[in-house]
């Protein structure tokens, strides 16, 4: 059937996105110039709301395309300038290098990470202990590595194990699609598969929350952490210590929540690994171990040594984070024999789309700065007493981060806090406390929905999610106990423990305040 050019354009525009979504984006593109001609301020806020909409609808269409169109139009109609965007990108180069090189570097260490999570899954029989181990392992890894990569590894383990059992249970071997359950005629096998799905769902959610618990602690745990650390002129250890009054109690309560939901089988947790599934997986792992060559074993040892280098280099701030990631790429690929250009190129596939999206974030940030969009909000917050400022920043960040991407939210608020410092509206001490409130408020409540955490969104959009019946609603439900506990404990710590604990660490000379002019000159 022949279609018109109009129909062809409608099909091509934003690909497989729903028709209503395409119409909405076109309406935004038409309305924005009209509103801008009447009021640049309201047009700017409209753009921010539209951009948050594209982030919230990430499952309908990846936000790079619709968000990029909105940002491109904003430049054309004069809401910001290419020079301003270039300045924001240049100022955040370290973050871009983190996403490009660190994520790619960890890609080449996947064998080691797969080995670790596989041994955890098969050697720990208690589901409670296993859940705690997955949560703790994900938290530790996310404190030094990108959370997206950690979740990608856990997904790889889960897909592999699901495929092994599904092929054996269906009796069709590798020719049967993992989504095809038609050959599972035995009710016992079907029941075991359903239980296995629930088991994998709970482990993946524990690991996902673990990435948030660990990722909030360090400057490399999440991209926005690095932006906040750069503005405050904090290095790895100082960032870790300044966050500790909030992140350590939240971490402990998060681990306690993990125990309770498993112990009492709440919110979809508590499913055990069926015995027949465990036996099949153990047999497969035994065969894999026996067939592992000395070359394979040496690769694992090399990756472990490079992991030690990575942690040490980050802890002692031996170089910029992105450059440390590049060193990981060079060391692992050269010592493990990965020299094919196409194999190396695959390592960058996960990070580059998000890197491009982050650049679009910076375009929207440029609009916010040029149009002074957050000035009324910041003035409202700054008119409050200093202790209430921390609470309001935490709550505003948390609310937005639960429905929008936390990198975008964190970037916007730390820019506004930095502007308040430079104008003399707040003191250096208050700015540093606000930076902690912004970082924790951005990271902790964002586990509420997949929109806030890139790792959660990656899990939801992965090929594994439909196999284990992990829907958007189920993900929100399973994250609910963690959301409530982490958000409330974080808020209480910001109100009651942050300032006295920071003062105590200063008295112990664990923290030192840099000269105000140094902080001002080192920001973005």
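Backbone N, Cα and C atoms are what each Cβ position is placed from, and that goes for glycine too.
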Swiss-Prot annotation of transmembrane segment - which of the ranges 413-433, 476-496 it falls on:
476-496
If Swiss-Prot is the reference, give me the range from 203-223, 266-286 marked as transmembrane segment.
203-223
Among 144-164, 165-185, where does Swiss-Prot put the label transmembrane segment?
144-164
Between 97-117, 328-348, I'd like to know which one Swiss-Prot lists as transmembrane segment.
97-117
Given the ranges 70-90, 448-468, which one is assigned the annotation transmembrane segment in Swiss-Prot?
448-468
Would you say the transmembrane segment (44-64) and the transmembrane segment (392-412) are touching, if the rule is that at least three C-beta pairs must lie under 8 angstroms and be 6 or more residues apart?
yes
Cβ pairs under 8 Å between the transmembrane segment (354-374) and the transmembrane segment (236-256), at least three:
no
Would you kindly list the residues that approach the transmembrane segment (304-324) from elsewhere in its chain, counting only those six or more residues past its ends and only Cβ-Cβ distances under 8 Å?
94, 96-98, 100-102, 105, 109, 112, 144-145, 218-220, 226, 235-237, 331-332, 335
Same-chain Cβ contacts of the transmembrane segment (97-117) under 8 Å, 6 or more residues past its ends?
134, 137, 141, 145-146, 148-150, 152-154, 156-157, 160, 220, 223, 226, 296, 299-300, 303-304, 306-307, 310, 320-329, 332-333, 336, 338, 346-348, 350-352, 354-355, 358
Does the transmembrane segment (236-256) come near the transmembrane segment (203-223), with 3+ Cβ pairs under 8 Å (pairs 6 or more apart)?
yes
With Cβ-Cβ distances below 8 Å as the criterion, list the same-chain residues six or more beyond the ends of the transmembrane segment (23-43) that contact it, or say none.
13-14, 50, 53-54, 66, 69-70, 73-74, 77-79, 371-373
Who are the chain neighbours of the transmembrane segment (476-496) in space, where the CB to CB distance is under 8 Å and they lie at least 6 residues beyond its ends?
201-202, 205, 208-209, 212-213, 245-246, 249-250, 253-254, 256-257, 260-261, 266-269, 387, 390-391, 394-395, 398, 402, 436-437, 440-441, 444-445, 447-450, 456
